[in-house]
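Only one structure is covered here, and it is reproduced in the block below.
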Amino acid sequence: MAVTSTAQACDLVIFGAKGDLARRKLLPSLYQLEKAGHIHPETRIIGVGRAEWDRDAYIKVVREALETFLKEPLDPALWTTLSNRLDFCNLDVEDTEGFKRLGTMLDQQNRTTINYFAMPPSTFGAICRGLGQAGLNKEPARVVMEKPLGTNLASSRVINNQVAEFFNECQVYRIDHYLGKETVLNLLALRFANSLFANNWDNRTIDHVQITVAEEVGIEGRWGYFDQAGQMRDMIQNHLLQILTMIAMSPPADLSTDRIRDEKVKVLRSLRRIDRSNVHEVTVRGQYTSGFVQGKKVPGYLEEEGANKTSNTETFVAIRVDIDDWRWSGVPFYLRTGKRLPSKCSEVVVYFKNPALNLFHDSYQQLPQNKLIIRLQPDEGVEIQILNKIPGLDHKHRLQTTKLDLSFSETFNQQHLADAYERLLLETMRGIQALFVRRDEVEEAWKWVDSIMDAWAMDNDSPKPYQAGTWGPVASVAMITRDGRSWNEVE
């Protein structure tokens, strides 16, 4: 297969090789990169874990994972190529001897080592220390870290300080997989390559913005993790705020890594603080009760296996976000995310202001607003809703909302739309950090989120119940209705 010019020979070391993330996401993504010819012929993939496996045992585990989680049959020729890259190192992250063994396996000149931490953040410090003591932290070595990076600003700083003791910021790749989604990446092109939007992307023309990330699933057996995190920490602090920054950022001087990140940080620093004085006006917490999702009976959050029956952890959050800068002053951003909602979808809806003069007042006291809908999943694409005259001989101008719909899969005729992890893994191999989160981004997001969490805690605020299979508590509808607006109806 042809190798792209940006591919580099590297050693990809996966800590937590037998874990859920590696099996469900990383290995299938590596298979697809192999299929597309993006992996350099000399690149190796080394699984790391405490299991007493040899290379053959690990190869068997990888094959089983691919056969389970790939969405297509395993190609024998591709499998042969991929399996030839595989190796395994038995290692306990607290054992220095294990890192010495890993160092022996990696003892090759002019190769980049990518250390992917597919393990809990509580282990990151020990892994970095082990790599550092074994001399495996020198550039161009890289580390890739998964969320959650802490549970608040203080704990996030502890983790980042542990990593920074052994790795420079230019070596650190913090993953938010939403940044690898094709439609999120398309936001830059949509906004800055098209004069239709580039010249009309501020408070002069935009009325408000809605960002919805909805999940049909519950906690999927992750009670221990989720009850400590909740929807605010699990989704708002990272995914939704990252999407918000991509929508709200000003044009960067160029598309280099730090220019883009600098603009995103400016947005985070401009978020209006939410505290006890306004938290009940602009936020809603919810917790699902039993109900029906897609016609199937599902238990409530407090009825899930292993549940603490007195838990006040939120499974739904809606927030009105105000950005205090010249571009967005007076334009609210409404964020909404939850579990056990009617359907799985992620979308951004930009509502444009109506013309100052309504020439069609005989038919419409208020015109329906033009909308730009950016679908992040499941059917990635962009939809514009505009008004057109309904054909006919009627002397009145009867208008109808018309959709201009661009579906990525149909428009670009691609059988396989690259998964976010495929792109992010490839970017780590290329050494490009633009799609990863810089430390100051993480910490600015935590500052804003912590203020809300503290306000909830001080008021002993309990989440409002909502039935599984509905769009969250009634209070979330009331919050946006008070502003004279309504949530976009997800189709």
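Keep in mind that glycine also has a Cβ here, set from the backbone N, Cα and C atoms.
Computed from a predicted structure; not experimentally measured.
As written in Swiss-Prot, here are the features:
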type     : residues                                       : note
BINDING  : Arg50, Asp92, Val93, Lys147                    : NADP(+) binding site
BINDING  : His177, Lys181, Glu215, Asp234, Lys339, Lys344 : substrate binding site
ACT_SITE : His239                                         : active site, proton acceptor
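Structure with Swiss-Prot features highlighted.
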residue: Arg50; record: NADP(+) binding site; DSSP class: coil
residue: Asp92; record: NADP(+) binding site; DSSP class: coil
residue: Lys147; record: NADP(+) binding site; DSSP class: coil
residue: His177; record: substrate binding site; DSSP class: helix
residue: Asp234; record: substrate binding site; DSSP class: helix
residue: His239; record: active site, proton acceptor; DSSP class: helix
residue: Lys339; record: substrate binding site; DSSP class: coil
residue: Lys344; record: substrate binding site; DSSP class: coil
If I take the Cα of Arg50 (NADP(+) binding site) as reference, which of the binding-site residues Lys181, Asp234, Lys339 has the closest Cα?
Asp234
For the recorded positions Lys147, Lys181, His239, Lys339, Lys344, work out the Cβ neighbour count at 10 Å and name the residue with the minimum.
Lys344
Nearest by Cα to Asp92 (NADP(+) binding site), of the recorded positions Lys181, Asp234, His239, Lys344, is Asp234
Given the binding-site residues Asp92, Glu215, the candidate whose Cβ has the fewest other Cβ atoms within 10 Å is Asp92
My understanding is the cutoff is Cβ-Cβ under 8 Å with a sequence separation of 6 or more in the same chain; which residues meet that for His177 (substrate binding site)?
Ala420, Tyr421, Leu424
From binding-site residues Lys181, Glu215, Asp234, Lys339, Lys344, the one whose Cα lies nearest Lys147 (NADP(+) binding site)
Asp234
What Cα-Cα separation, expressed in whole Å, is found between Lys344 (substrate binding site) and Val93 (NADP(+) binding site)?
37
